[in-house]
Every structure is written in C-alpha cells, then in structure tokens.
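**Q** Quick one: this structure, given as structure tokens, is what I'll be asking you about.
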Amino acid sequence: MSSEKVLVGEYLFTRLLQLGIKSILGVPGDFNLALLDLIEKVGDETFRWVGNENELNGAYAADAYARVKGISAIVTTFGVGELSALNGFAGAYSERIPVVHIVGVPNTKAQATRPLLHHTLGNGDFKVFQRMSSELSADVAFLDSGDSAGRLIDNLLETCVRTSRPVYLAVPSDAGYFYTDASPLKTPLVFPVPENNKEIEHEVVSEILELIEKSKNPSILVDACVSRFHIQQETQDFIDATHFPTYVTPMGKTAINESSPYFDGVYIGSLTEPSIKERAESTDLLLIIGGLRSDFNSGTFTYATPASQTIEFHSDYTKIRSGVYEGISMKHLLPKLTAAIDKKSVQAKARPVHFEPPKAVAAEGYAEGTITHKWFWPTFASFLRESDVVTTETGTSNFGILDCIFPKGCQNLSQVLWGSIGWSVGAMFGATLGIKDSDAPHRRSILIVGDGSLHLTVQEISATIRNGLTPIIFVINNKGYTIERLIHGLHAVYNDINTEWDYQNLLKGYGAKNSRSYNIHSEKELLDLFKDEEFGKADVIQLVEVHMPVLDAPRVLIEQAKLTASLNKQ
C-alpha cells in the first residue's frame, strides 16, 4: 500500500476490516468482479470473500452477521443482482440493522454515454436501481472520482453505524482502481454517540427521578433497540440498580439477562400470558427502553399502560409522558440516571418478582408422546447453554421461542417486524459466520425453522457446508405454512407444500462429508437427543427433523393470527 495513494477498492475494504468485518458476503457478477480482486490486497488473511447461493440469501446473511458482529457488508451486481437482494435490505432497514450494500455498476464511461447494456431496463437510465435502494437505505453514494471516494466512503459508513440501518454504495467497474488519498486510513473510524446537552439531560434526569419517587409500582419494558444500539450493559445496570420488575417484548428477547432475579417474562399486550399480564399491567410507571412498537411486537398495539404513566428511552430522543426531549440519547442518559438514583429508596418500592418459566405440557388430544408446541419449547430451553446464538424463523418459531427462557449471554435472532418467511436460513449462515469471525468463536449456532419457510431459502445450507460451519438445524415438520393456515385458509391448497422432501439426506445432498441427521417423532426421542453429549458439542453440521401435528401451534401465534385475520377484514 502506498503511503500517499491507495486504490479506491482497497480503501473501501480496509475501512470495512477496521470496523470488524472479516467476511465479505455476496454473489459475483460481471460489474463487480474486478472490485472483488482487491479483497486480497488488504493484506489480512482473516479478511476474505464468502459467497452466497443467491443475493436474497446473501442479504439475509448480512442482516444476521451484523446482529452478531455489529455491522456487515455484501457485494452484488448492477440490476439483476441488487434487485434480488432488496427484500433482505428492506428487512434490515425496518429492523434497524447496519448493512453496507456495495453494488458493482457499469464503468464511468458507460454512465456518461448510456449505451444499451445488459442488466439495464433498456432506457438508458443507469441510476434507476440506486433510486429504488434509496428508499430502503439511510444514505446512498456513487463513486465516480478518486478525489472524493475516501470521504464519501467514510461518511457513508458513519451514517450506517449511527442510524443502524443499511447504506448503498455504487462502485463503477473502473472506479475501484482509481487512486485516492490513503492518509485517512491511519486513523480507524470511531463513531461515539454524541454527548447529550448537559442542561437538558439534567432536567430529564430530575423529572424521571421525581416520577419514580411518586410511583408505587414501577416496572421496565426492554425492546429491540436496546440490542440495535448496543446498550445492553447500560440497561442491565439500570435494572440491577433499581430492582424493578423487568419485561421484554418479542423483539427484546435476550437483550437483557433473562436469568436475572428481576426478569418477569415477555409482555405482548393483550397476548401476554395471563399471570404475567396481570402483573405487568398493574404498574403505575412503565419505563420503556429501546421501544419498537410494531403489531406482532405489541399484541397488535394493545399495551394497557397510558402515555401519562410512560417514559420512553430512545437512541435520539426521550419521551416523558407527553413531553419529547429531542437529542437526549438513552446511551448516555441511562448511566446518568443509574448513578443519580437513591438505590435504597428505589429498591424499597420495587415489587418482588415471582416469575416461573413456562413448563413443558404433555400432548393433549394427540397420541401419547406426540411432540406439541406446549411441550417442545420449554423442553428446548433446557437444551440451551450460555452464549448460544439461536435464530428463529418468522411464524411458528418466532412465537414458540417466547416460551424459552434463555441462559445468560445468549442471543436470539428473529425478524418480527419485517417478517419475511425464509429469512432465518440465510440468517443462520450469516450468524454462524459472524460467530466464527468474533472474539467468541466457540459459541453454538442453532436454527429453528419450519418446513414451509425452509423450502424458500434452503440453498444457503450449501454455503454453510462449503464454509465448514457447524450449526444445529431444527426443522419443524408440520407439513405446510402454519401461520398462514391460522390467519386464513386453514385447509386451503395454497398453504400446502411438497411434503415428500427427504430431510434426512438433505445435508449429504449438499455435499456434507461430516454431518449427522436425526428423525424425531416422540418426546422420548428428543429428550434422549438432548442428553447426547456428542450432539450437544455441535462439532459437525447437524439437522434435527421434529415432527409435529399439522394444526398445532404456540398459544401466542394462535391468538395473534386471530387478531391479524380480524384486522385484515377491516
């Protein structure tokens, strides 16, 4: 690398490595091939290209890699490649996931003369796909000059990190080989959260302390943006200091320590388990940290606590009852609040927590030993270990996992807001890759996916095998799209799938030389498997086919489906 100048592509990849990205995801295409050659020029053997089976799966993988590592990058090609990935980036945008989408586009000469090239719409508009992506990105940039490239790249990466949303970078096929100033690379990018206005922050702390002092039964609700904006420790410190009963939303699962003595369950508005609901809704002051109040995350907007008894902590504002304090970030506010409270006084008013984890219930209305959701999920929870990373699929798995209380340090990856079926398979690959690239590479990666969703994105198991990764894949075989059946069309043909797949040979079919597959029909078979030390080591890729009744479903899914069906008819 020159001490003064560096190739634009080399600059870009060096910056990505400095941010902690070690695997560049994507699919090669003629407009990005020359750029991909520059990955090796970074000069770090841990930094590498890791291809995907298709662009949509790649976007899903980038989403989950970012959840594990903090940020990710994926390279696609102009038009046909980038459009295939857009669904995945829409999910990352809505769920607040920082992904850098790099698109190889026609060279700068073609951009100026606009010939009738392949992968275009045939109308000479070479920016149309960039405009599409601009609606799903926090920012977009087009590199057509070496002079400005470094600045544009750095600004784009800062936006990606600060907003925790995808960004889009168009790189003409010749622009990766333009030269740009190398000197900024001497200073790694660091994006600390700006300090709050001290005067306003002091006012906010005082007002919150006053409301806590006046309350008789305060509680805390932890949501998705605690994880998205990396304030897990600040949130846990606040919980430990106050002893307030603490609930999580579906999107807030594993954002805090669920083995904490102050953890009191999952709150989903009207869909909450009745005993938890009664306790949660008896509060006279609800402190919501990192809220993201979507329909499936809130029981279709059925929170019972009024705004007059609510304080909301967000990444860029704080809301106290009806008053909004712009620019007061929870990242800095929570530690100030924790330091300011009178622990003895505050802890004295904290209601004792008497949380009991869900218990496995044997099958009702089915043959003895049949695996049902009431039994499976609490039983699955007993299999988990500290620091496991569990990816759950949209639909059955996302709702069933709510009955699992996670050990300390676990991470549950889900896509509750966007809800694209098939997401979890690509996400599993990205998560497992992220674990490998992390400071804790020995964590287990576990996927739970239904057979219907698996059929959409199964190809990414091939990439998982090709890269020597060893996740445990649970396939719930219940012969179709259960969540759709419950919403509409219980016995409709459009909710059926091909039920003749041979899951037991799936891993071998994708070329796995070392793998294990299990065909589980009964409670005893699954319990025996969970006791198997070899299985628990997760030293080879494994697939567990779990057979469940067609119309059996988790309680929360059944109730949510009723709400959704009713809403769809309005």
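Numbering starts at 1 and runs along the chain as it is shown here.
Just so it is clear, glycine is given a Cβ too, placed from its N, Cα and C backbone atoms.
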**Q** Which of these, D439, D451, does Swiss-Prot list as part of the Mg(2+) site with N478, G480?
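**A** Mg(2+) site check in Swiss-Prot: besides N478, G480, the record includes D451 out of D439, D451.
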**Q** Suppose a student reads Swiss-Prot and sees G419, S420, I421, G452, S453, N478, K479, G480, Y481, T482, I483 listed for thiamine diphosphate. Which of T379, T391, T392, T396 should they find annotated at that same site?
**A** T396
**Q** Quick check on the binding-site residues: of G452, G480, whose CB has the lowest count of neighbouring CB atoms inside 10 Å?
**A** G480
**Q** Rank the binding-site residues D30, D451, E484 by the number of other Cβ atoms within 10 Å of each Cβ, and give the residue at the low end.
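**A** Ranked by other Cβ atoms within 10 Å, the binding-site residues D30, D451, E484 bottom out at D30.
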**Q** Within a 10 Å radius of its Cβ, which of these binding-site residues (H119, T482) has the fewest neighbouring Cβ atoms?
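**A** Among the binding-site residues H119, T482, the sparsest Cβ neighbourhood within 10 Å belongs to H119.
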**Q** Give the residue from the binding-site residues T396, S420, N478 that has the most other Cβ atoms within 10 Å of its Cβ, counting over every protein chain displayed.
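**A** Answer returned by the neighbour count: T396.
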**Q** Looking at the binding-site residues listed here (D30, H119, D451), whose Cα lies nearest to that of T482 (thiamine diphosphate binding site)?
**A** D451
**Q** Compare the C-alpha of H119 (pyruvate binding site) with the C-alpha of each of the binding-site residues T396, D451, G452, and give the closest one.
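**A** Out of the listed candidates, the nearest Cα belongs to G452.
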